[in-house]
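Visitor: Before we start, here is the structure in question, set down as structure tokens.
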Amino acid sequence: MGLLARIRKEWFIIGIVLVILSAKLQPSVGVKGGPLRPEVTVAYFAVSLIFFNSGLSLRTEELTSALLHFRLHLFVQSFTLIFFPLAVWLLLRVLELTPIDQWLLKGLQTVSCMPPPVSSAVILTRAVGGNEAAAIFNSAFGSFLGIVVTPVLLLLFLGSSSSVPFSSIFSQLFMTVVVPLIVGQVCRRFLREFLERKKPPFGAVSSAVLLMIIYTTFCETFSNPNIELDPTSLLLVVLIIFCIQISFMLLTFAFSTTSGSGFSPADTVAVIFCSTHKSLTLGIPMLKIVFEGYEHLSLISVPLLIYHPSQILLGSVLVPTIRSWMTGRQKAVKLSALQPV
């Protein structure tokens, strides 16, 4: 394979490296209030574009089928909002005996209580070729559920409470997730023949948007002064976060591929990403609301600032591997179905 062909095939991974380096060199460009205005371009336009793109590309019958996949939805939401926080709480009982900054450990607990994101899990599921419709439903439903459940979990595990502006968060989610998805579906009805004939590069569009999200996320991370805290604690937290993500991805993979799970290989892809990803877009505003006035709010926020880019980075790196596994399994299923009984 020639160099250009290799670059064309691996453009997304190359793009990740380039945007991270760019964010490191000049983080002020992509921070909140900077020239790119991510508080508008990412929080509203980028997320809206992702779900409009999904609505335009997905067949209506696929979305309808995903809505009725109750077992998958129950698994994802239970793992994200029940198992995940409990598992991290047990882990922290051990980590409290270590010299790691205690406020960073509280930050790890807040990460576990967060809802799934409304963008990265969907884009990565699409990049692999998994059940995108199921990923869309669980990301959107989990985010709406998290508006109510996350503050309750924070109160339960950390003893903090505050009034949460449900209406404003709900309206933002509705306008950036539900409305673009519906508009995309309506447009698809009129453009179906054109779309099926031309086959636009929906995946490439979503991946390009994800590169923008990665860039602005790392700009925020690199420009945050609290990243310059105790290097040992910070390094240990980064390692712990990667261990949590890899362990939970393997765990969800194991559960969703058992013979009695009833999940297809495409379902497994959606389960892996939706169950293990956490929302920064909803998480930071919720932390600022629930921990308003806390002296250590910035330290509590650090693990979430690390978790979000690392989940995108890890997921993006694993896309080729997961895609190979999924296509292999799908071929095996088809071959077994064709064999005479």
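Along the chain as shown, residues are numbered 1 onward.
Every residue, even glycine, has its Cβ placed from backbone N, Cα and C.
Where the annotation comes from TrEMBL, it is an automatic prediction and has not been curated.
Pasting the feature list from TrEMBL:
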{"type": "TRANSMEM", "residues": "12-29", "note": "transmembrane segment"}
{"type": "TRANSMEM", "residues": "41-58", "note": "transmembrane segment"}
{"type": "TRANSMEM", "residues": "70-91", "note": "transmembrane segment"}
{"type": "TRANSMEM", "residues": "103-124", "note": "transmembrane segment"}
{"type": "TRANSMEM", "residues": "136-157", "note": "transmembrane segment"}
{"type": "TRANSMEM", "residues": "169-191", "note": "transmembrane segment"}
{"type": "TRANSMEM", "residues": "203-223", "note": "transmembrane segment"}
{"type": "TRANSMEM", "residues": "235-255", "note": "transmembrane segment"}
Visitor: List, by number or range, the same-chain residues at least 6 past the transmembrane segment (70-91) whose CB is under 8 A from its CB atoms?
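Guide: The answer is 108-109, 111-113, 115-116, 131, 134, 137-138, 141-142, 145-146, 149-150, 153, 157, 244, 248, 252, 255-256, 262-263, 267, 270-271, 274-276.
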Visitor: Considering only Cβ pairs within less than 8 angstroms, which of the stretches 12-29, 41-58, 136-157 has the most against the transmembrane segment (203-223)?
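Guide: Ranking 12-29, 41-58, 136-157 by Cβ pairs under 8 Å to the transmembrane segment (203-223) puts 12-29 first.
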Visitor: Could you check whether the transmembrane segment (235-255) and the transmembrane segment (41-58) come into contact, where contact means at least 3 Cβ pairs under 8 Å with the two residues of each pair 6 or more apart in sequence?
Guide: no
Visitor: Same chain, outside the transmembrane segment (41-58) by at least 6, Cβ under 8 Å from its Cβ: which residues?
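Guide: Sequence-remote neighbours of the transmembrane segment (41-58) are 118-119, 122-123, 126, 132-133, 136, 172, 175-177, 179-185, 187-188, 191, 195, 200, 202, 205-206, 209, 212-213, 216, 281.
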Visitor: Please report, as numbers and ranges, the same-chain residues at least 6 past the borders of the transmembrane segment (103-124) whose CB is under 8 Å from any CB of it.
Guide: 46-47, 50-51, 54, 76, 80-81, 84-85, 87-89, 91-92, 95-96, 132, 135-136, 138-140, 142-143, 145-147, 149-150, 153-154, 157-158, 173, 176-177, 206-207, 209-210, 213, 229, 233-234, 237, 240-241, 270, 273-275, 277-283, 286-287, 296, 299-304, 307-308, 311-312, 315-316, 319
